[in-house]
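Student: Have a look at this one before I ask anything.
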Amino acid sequence: MSSNVLSESDKSKVVDLANRHTKPSGTTYQYGTAGFRMKADQLDPVMFTVGIVAALRSKKLDSKIIGVMVTASHNPEEDNGVKLVDPRGDMLEQAWEGYATALANSSSPEELVHQIHQMVTALQIDLSKPANVIYARDTRPSGPALVSALVDGLKAAPGGTTTYTDEGVLTTPILHYLVRCKNTLGTEEEYGVPTEEGYYEKLATAFKKLLKPRGSIDSQNAPEELLVDCANGVGTTATEKLAKHLEGYIKLIPVNTSIDKLGVLNKGCGADYVKTQQKLPPSMVPLLQPNQRACSLDGDADRLMYYYLDRNGKFKMLDGDKIAALVAGFFGELMEHAGISKEELDVGVVQTAYANGASTHYLSQRVPVQCVPTGVKHLHHAAEHYSIGVYFEANGHGTVLFSANALNVLRRHQATSPAQQASLENLIALTELINQTVGDALSDMLLVEVVLAYRGHGGAEWDSLYTDLPNRLVKVSVKDRGAFKTEDAERRLTAPQGLQDKLDALIKKYEGGRAFVRPSGTEDVVRVYAEATHKVEADELAFKVAGMVYDEVGGDPASRPKEFM
Ligand code: G16
């Protein structure tokens with residue numbers, strides 16, 4: 001019998017277990033850009049309430065499997081985080097973020113019971129339904145204890161049985177893949193074999209359809225070997241396993257693979273280091289040769305940055321914007337070669353305010369381009385409006401989505417020549433190679449290698465699609481990042497009052513100047529981005545804006561930008 005009411009035994013179970021996970025007074029939690037994320041030692045009570053939310057979400061969605069990923073991705077090792085994955089492998093529906101936040105901020109076990117009751121009533125959740133949840137974590141040392149707190153939350157979930165499975169240590173994209181596979185198993189939308197091994201097999205099979213073994217004509221431009229900086233994180237094991245599946249096709253060489261050493265995760269390496277420092281991870285310096293390319297993953301392998309050394313040995317970065325430009329153009333070409341018109345399938349690109357102005361200009365001349373707020377959840381939903389939606393954040397987070405209609409068109413299309421047929425088969429193989437659930441560094445890496453091999457291009461040719469405008473990204477630690485509110489896809493500030501006018505007056509002084517300020521949703525900082533025609537001016541603008549931000553609200557003196565003040 002359906003029920004929206006917590007029984008007395010439900011209530012006492014919640015209270016008993018919640019007593020083991022009390023919230024420190026004065027702490028406020030917020031489901032941010034990618035879930036809850038903060039210093040790991042503050043997360044125990046949040047993990048507990050997230051367990052309850054995951055079970056309730058499953059009940060609400062007819063017992064579909066919900067995923068929970070314990071990771072702080074690109075953040076330092078001492079941070080951790082948790083996010084929920086919806087049944088199709090995408091991010092938690094945004095309307096639920098508020099409920100997750102409310103439960104996490106309950107000031108006592110009794111208040112938590114009250115919040116659960118409110119949520120169950122408002123959302124008409126049938127508690128009698130069973131719940132199904134799977135979870136995984138990255139390699140952070142804080143992970144196992146946080147998983148225990150999560151399990152207590154799953155045990156505390158009210159109503160019918162909650163079944164949960166520990167999927168172990170996995171990359172974020174593999175957990176997303178598993179959620180979708182398990183929920184579609186036996187349906188027309190079956191996504192793949194619901195195991196970690198099934199994931200590698202799916203990617204490798206598609207890659208092998210697209211690129212012939214090394215030594216054959218089609219593979220002549222794939223690199224002999226590709227150095228993959230694994231950020232000393234969970235991407236290490238995934239890269240090693242994937243490499244085995246790809247033997248004879250491409251040789252992946254994992255670098256920064258110390259997953260058991262304390263303090264090295266994302267330190268001096270990884271996608272975020274490359275993007276923010278705009279230089280090679282020091283460990284890559286002795287390894288990378290002029291004219292050679294390599295890539296960096298982040299701590300949970302959902303971001304990818306490419307780079308190469310030019311013939312003079314100068315570092316050149318190929319970020320998420322460059323990946324979007326490469327990939328969007330490739331789909332256009334393949335469709336044309338397969339005899340599929342733009343009217344049948346439209347290709348669109350989604351970016352954020354961080355996209356380099358030159359990339360937006362380049363892409364806008366070729367395809368529709370949309371700008372949305374930071375966070376894969378925003379990009380993913382916007383990309384779903386296109387037949388083939390390419391979304392990438394400049395930081396290397398992104399993927400390509402194919403609509404149900406696009407998959408139908410590809411299945412039904414009648415090629416009229418062997419050449420058309422070959423392009424059509426390649427398009428279909430790409431729908432298998434590309435992770436449809438979330439940005440996935442490993443899947444994106446194989447995609448990039450396929451495109452470059454087809455075009456016969458290396459890093460330099462790819463880089464020459466357009467020239468990045470000089471830019472600078474700065475973090476400012478302030479007393480209260482909540483004081484910063486934005487509009488227009490985070491390109492303008494609405495608070496603190498008057499600050500945007502001051503910024504406008506400053507930006508006007510710089511040739512090609514553009515800058516914006518937004519509070520991070522994953523770190524306790526405010527981010528400042530600036531670009532200008534000349535590098536020195538982009539740097540100066542970024543630091544002047546950072547100085548204004550700091551002066552507006554005050555903050556940690558150590559993080560007051562010193563340059564150009
Ligand atoms: C997460 C999100 C990304 C976002 C990044 C930074 O990445 O998934 O979409 O770009 O945080 O967000 P913010 O600027 O708000 O801190 P990851 O790789 O850390 O999960």
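The backbone N, Cα and C atoms fix where each Cβ goes, glycine too.
TrEMBL annotations: computationally assigned, not manually curated.
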Student: Which stretch, out of 1-22, 67-88, 155-176, is listed as region 'Disordered' by TrEMBL?
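Tutor: That would be 1-22, per the region 'Disordered' entry in TrEMBL.
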Student: Spatially, and counting Cα to Cα, which of the recorded positions is closest to ASP298 (Mg(2+) binding site)? Options: SER73, GLU393, ASN395, PRO519, GLY521.
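Tutor: Considering only the listed recorded positions, the nearest one is SER73.
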Student: How big is the gap, in Å, between the Cα of SER73 (active site, phosphoserine intermediate) and that of ASP302 (Mg(2+) binding site), rounded to a whole number?
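Tutor: Taking the Cα atoms only, SER73 (active site, phosphoserine intermediate) lies 8 Å from ASP302 (Mg(2+) binding site).
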Student: Express the distance between the Cα positions of GLU393 (substrate binding site) and ASP302 (Mg(2+) binding site) as a whole number of Å.
Tutor: 11
Student: In terms of DSSP three-state secondary structure, what is the assignment for PRO519 (substrate binding site)?
Tutor: strand
Student: For the recorded Mg(2+) site, enumerate neighbouring residues of the same chain (Cβ within 8 Å of the Cβ centroid of SER73, ASP298, ASP300, ASP302, site residues themselves excluded), in sequence order.
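Tutor: Nearby residues not in the site list: THR71, HIS74, ASP138, THR171, THR172, GLY233, ALA271, LEU297, GLY299, ALA301, ARG303, HIS397, ALA441.
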Student: Could you give the Cα-Cα distance between ASN395 (substrate binding site) and ASP302 (Mg(2+) binding site), in whole Å?
Tutor: 10
